[in-house]
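A.B. asks: Annotation source Swiss-Prot lists active site, proton acceptor at Asp127. Marked as ATP binding site by Swiss-Prot: Gly11, Arg72, Cys73, Gly102, Asp103, Gly104, Ser105. Feature annotation from Swiss-Prot assigns ADP binding site to Arg21, Ala22, Val23, Val24, Arg25, Arg154, Gly185, Ala186, Glu187, Lys214, Thr215, His216; the stated evidence is sequence analysis. The Mg(2+) binding site annotation in Swiss-Prot covers Asp103. What Swiss-Prot lists as substrate binding site is Thr125, Ile126, Asp127, Arg162, Met169, Gly170, Arg171, Glu223, Arg244, His250, Ile251, Gln252, Arg253, and the listing cites sequence analysis.
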Amino acid sequence: MKKIAILTSGGDAPGMNAAIRAVVRTAIDKGLEVMGVQRGYSGLLNGELFAMNRTSVSDIIQRGGTILRTARCPEFKDEEVRKRAVKILNAYGVDALVVIGGDGSFMGAKLLSKLGIKTIGLPGTIDNDLAYTDFTIGFDTALNTIVDAINKIRDTSTSHERVSIIEVMGRDCGDLALHAGISSGAEAIIVPEMGEFDRDALCRTILEGKNHGKTHSIVILAEGIGGAEELSKYVQELTGIEARATILGHIQRGGAPSASDRVLASRLGARAVEVLLQGETSRVIGIRDNQIIDQDIDEALAMESKFDLDLYNVAEVLSR
């Protein structure tokens with residue numbers, strides 16, 4: 001193996017730059033050439049490849065987003081489109097591709113490997129929705145961003161003695177909502193893993209809190225459930241307490257990565273190069289019990305969600 005390429009795909013996540021830096025510098029240290037692919041699979045199809053060196057990744061570990069840019073590429077599901085991508089990689093002399101992204105990005109990597117391109121996946125998504133790894137790159141930073149926002153919202157919620165319903169990202173995974181809720185002392189956490197929730201029961205919980213002396217309530221709502229505005233109106237009508245909805249949106253994806261995400265991304269990026277040099281392909285890198293692991297991509301994508309029910313139950317007790 002002489003040359004590898006690296007791309008970021010799908011939604012951006014804080015820490016992607018730290019992972020890029022780790023891959024590039026580890027690869028160069030091992031005597032490999034590195035090419036960056038701009039704008040994910042879409043950029044690959046357009047031949048947007050360029051040579052990278054140590055300087056290319058200087059002063060980026062502290063930056064959010066991705067210096068390689070990112071994009072979604074639904075047309076990559078077409079095999080003829082993927083064959084065109086393989087031809088482009090071959091034309092540049094690329095022996096292997098490192099893909100940083102979520103499950104959709106991993107699926108693209110898996111399909112490329114079936115066409116003869118060695119691929120390795122790094123988990124880059126704030127959603128923490130990849131079951132094979134305890135944490136994904138970007139989750140910790142997004143969590144801290146959410147908690148910081150909740151702290152500010154709680155200030156005004158306390159002043160106005162109102163209910164604040166805060167919708168957070170995570171797609172169909174409730175990890176961000178759960179961890180943010182327990183970290184911020186939320187009165188209620190609503191996640192898709194717990195099934196359809198009872199709006200009337202939520203209202204009773206809020207009223208019970210008021211009877212026990214609580215002057216305000218914070219409700220964390222996962223976007224997999226959604227409907228923050230509608231829920232706030234319902235709560236206000238049934239409880240008689242002023243309620244406001246806040247959808248945090250894309251602020252959760254931005255900002256300088258946390259120290260934890262920088263360390264995680266660096267460890268995962270370095271391991272990706274090592275696995276490639278061992279001749280492996282169609283693998284994904286992750287962390288389990290603080291140990292860096294690699295796993296077959298098919299096995300990883302087939303694993304079921306790992307929602308922490310014990311932590312949810314702790315949050316339920318502490319919120320009363």
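Placed from the backbone N, Cα and C atoms, the Cβ positions cover glycine too.
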A.B. asks: Record lists Gly11, Arg72, Cys73, Gly102, Asp103, Gly104, Ser105 as binding ATP; longest Cα-Cα distance in Å?
C.D. replies: 13
A.B. asks: Does Met169 (substrate binding site) have same-chain partners at least 6 apart in sequence with Cβ under 8 Å from its own Cβ, and which are they?
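C.D. replies: Same-chain residues close to Met169 (substrate binding site) (Cβ under 8 Å, separated by 6 or more) are Ile126, Asp127, Ala142, Leu176, Glu223, Leu248, Gly249, Gln252, Arg253.
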A.B. asks: Reported as an integer number of Å, what is the Cα distance between Gly11 (ATP binding site) and Glu187 (ADP binding site)?
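C.D. replies: Gly11 (ATP binding site) to Glu187 (ADP binding site), Cα-Cα distance: 30 Å.
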A.B. asks: How long is the line from the C-alpha of Cys73 (ATP binding site) to the C-alpha of Arg244 (substrate binding site), rounded to the nearest angstrom?
C.D. replies: 36
A.B. asks: Excluding Gly11, Arg72, Cys73, Gly102, Asp103, Gly104, Ser105, please set out which residues of the same chain place their CB within 8 Å of the center of the CB atoms of the ATP site, keeping sequence order.
C.D. replies: Ser9, Gly10, Gly40, Gly101, Gly108
A.B. asks: As a test of the contact definition, list every same-chain residue at least 6 positions from Arg244 (substrate binding site) whose Cβ is closer than 8 Å to its Cβ.
C.D. replies: Ser157, Arg162, Val163, Ser164, Ile165, Ser232
A.B. asks: Taking Cα atoms as reference points, which of the binding-site residues Arg72, Asp103, Gly104 is nearest to Glu187 (ADP binding site)?
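C.D. replies: For Glu187 (ADP binding site), the spatially nearest of the binding-site residues is Asp103.
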A.B. asks: Quick one: what's DSSP say for Arg244 (substrate binding site), helix, strand or coil?
C.D. replies: strand
